[in-house]
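Pulled from TrEMBL, these are the features on record:
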DOMAIN    4-420  domain 'Enolpyruvate transferase'
BINDING   Lys19, Gly91, Arg119, Gln166, Arg343, Arg385  phosphoenolpyruvate binding site
BINDING   Lys19, Ser20, Arg24, Ser164, Gln166, Asp312, Lys339  3-phosphoshikimate binding site
ACT_SITE  Asp312  active site, proton acceptor
Amino acid sequence: MHIQPVKQLKGTLKVPGDKSISHRSIMFGALAKGTTTVEGFLTGEDCLSTIACFRQMGIHIEQVQDKVTIQGKGLYGLTKPNSILDVGNSGTTMRLMSGILSGQSFEVNITGDASIRKRPMDRIIRPLTSMNANISSLSGNGLAPLSIKPSLLKPIDYISPVASAQVKSSILLANLYTGSTSTVKEPTLSRNHSEIMLNHFGAHVEINGSLVTSHPIKELFANHVVVPSDISSAAFFMVAGLICPNSDLILKDVGINPTRDGIIHVLKEMNGSIEVIDKRVVNGEPIADLHIKSSKLKGTIVEGDIIPTLIDEIPVIAVAAAYAEGTTIIKDAGELKVKETNRIDTMVSELKKMNIHIEATADGMIIVGGNRIQGAHVQSYDDHRVAMSLAIAALGANGHTRIENSGCIAISYPTFESDLSSLIHI
Ligand code: S3P
């Protein structure tokens, strides 16, 4: 991808559907009785991997652009796939599906791409094993490929060492097969889309702060799902609108679930002009339009309980920090090291190439803003959010930027480049 600096960004944009919610709509639709319909589905490669896996397990799924119809067969309707399930680059597919597969009466193996095969799976293997699941890492090192064999699951009261919606959801899904009550306590609350959507499908999941309780149910029931626009994709345009001069953007129908909206708080704290307009609730998920205007940003400290609510947005927050006056410190974000890439290392190495003052710390990064940012030849390391963050950094740089391996953007935002072009006024 080649990016030239721009003079201003103007217009209205509806970014594609939320990735986390799109995955869940397929999984829960497959496990529900009856026909589930989805609108606003994200057609990114990760969510298409989820569709492919459930098709392999005998679920009829029709997908035409962002509209999906799933013929759910109930909790016990999946059938043994003919070959290994491949989640591609998608951690959500691997970890949530492992919870579901632990409760099936057939044996299955799951794998994914080179990045997924380096990401920790012991964080789900451990609690699922405590639930009596027969799940193991095929090479015995806590990494995928995983093998899951049939077993009789039992409930768990799990105190999670990490605020991870993928871990929490994996346990909630496995609990559907225990006929009993399980609880998950997190150090701080992670995104709660599973809890909200499971209840929308007739489950009984209670949320008390960072404690979630899953009560026994007999069936899930098909429903209609409207997927909000993904705040993690909107984040790129929030930062772009703030750092490019004379900009004025409206981002439509963005999911602003409080477990996901940390970036709005941080950018406002940095003096960003972001107005949240017309708040409403769809399928239990809060959404709003966001009005973004160019702003003179200042540095800030991002730490503590807010981190899980903006974990995927930290790469682009680092870009905002580079365009801000003063120093920004990001702490308590060690989880960044186990994302699609080690996002502390990849962002620090590539932003440095753009003449940005940025240093890695043990659990985050320190960015000193205000330097003249230089266009450069940079690398995505096949990490979609790194690629898009670098594209945003390039918009206000001096000179041209070339981003290698930008094809990975299709994992979460296939229309990123054309959406960006539609707002550019050179
Ligand atoms: C996700 C949870 C988060 C997030 C990922 C999607 C989900 O991961 O980073 O992009 O859909 O549950 P963790 O559960 O590892 O924090």
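Please read every residue number as a count from 1 along the shown chain.
Note: Cβ is positioned from N, Cα and C throughout, glycine not excepted.
Because TrEMBL annotations are produced automatically, they should be read as predictions rather than curated entries.
Sequence features, as recorded in TrEMBL, placed on the structure.
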residue	record	CB count, 10 Å
Lys19	phosphoenolpyruvate binding site	24
Ser20	3-phosphoshikimate binding site	28
Gly91	phosphoenolpyruvate binding site	21
Arg119	phosphoenolpyruvate binding site	19
Ser164	3-phosphoshikimate binding site	24
Gln166	phosphoenolpyruvate binding site	22
Asp312	3-phosphoshikimate binding site	25
Lys339	3-phosphoshikimate binding site	20
Arg343	phosphoenolpyruvate binding site	25
Arg385	phosphoenolpyruvate binding site	28
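Highlighted here are the binding-site residues (Arg24, Arg119, Ser164, Arg343, Arg385) whose C-beta falls below 6 Å from ligand 1: Ser164, in sequence order.
A Cα-Cα distance of 10 Å separates Ser20 (3-phosphoshikimate binding site) from Gln166 (phosphoenolpyruvate binding site). Its Cβ placed at the centre, Arg24 (3-phosphoshikimate binding site) has 27 other Cβ atoms within 10 Å. Nearest neighbour of Arg119 (phosphoenolpyruvate binding site) by Cα distance, taken over the binding-site residues Arg24, Asp312, Lys339: Lys339. Cα of Gln166 (phosphoenolpyruvate binding site) to Cα of Arg24 (3-phosphoshikimate binding site): a span of 11 Å. Here the C-alpha separation of Arg343 (phosphoenolpyruvate binding site) and Arg24 (3-phosphoshikimate binding site) works out to 25 Å. Ranking the binding-site residues Ser164, Asp312, Lys339 by the distance of their Cα atoms from the Cα of Lys19 (phosphoenolpyruvate binding site) places Asp312 first. Here the candidates are the binding-site residues Arg24, Ser164, Asp312, Lys339. The one whose C-alpha lies nearest to that of Arg385 (phosphoenolpyruvate binding site) is Asp312. In this entry, phosphoenolpyruvate is bound by Lys19, Gly91, Arg119, Gln166, Arg343, Arg385, whose most widely separated C-alpha atoms sit 19 angstrom apart.
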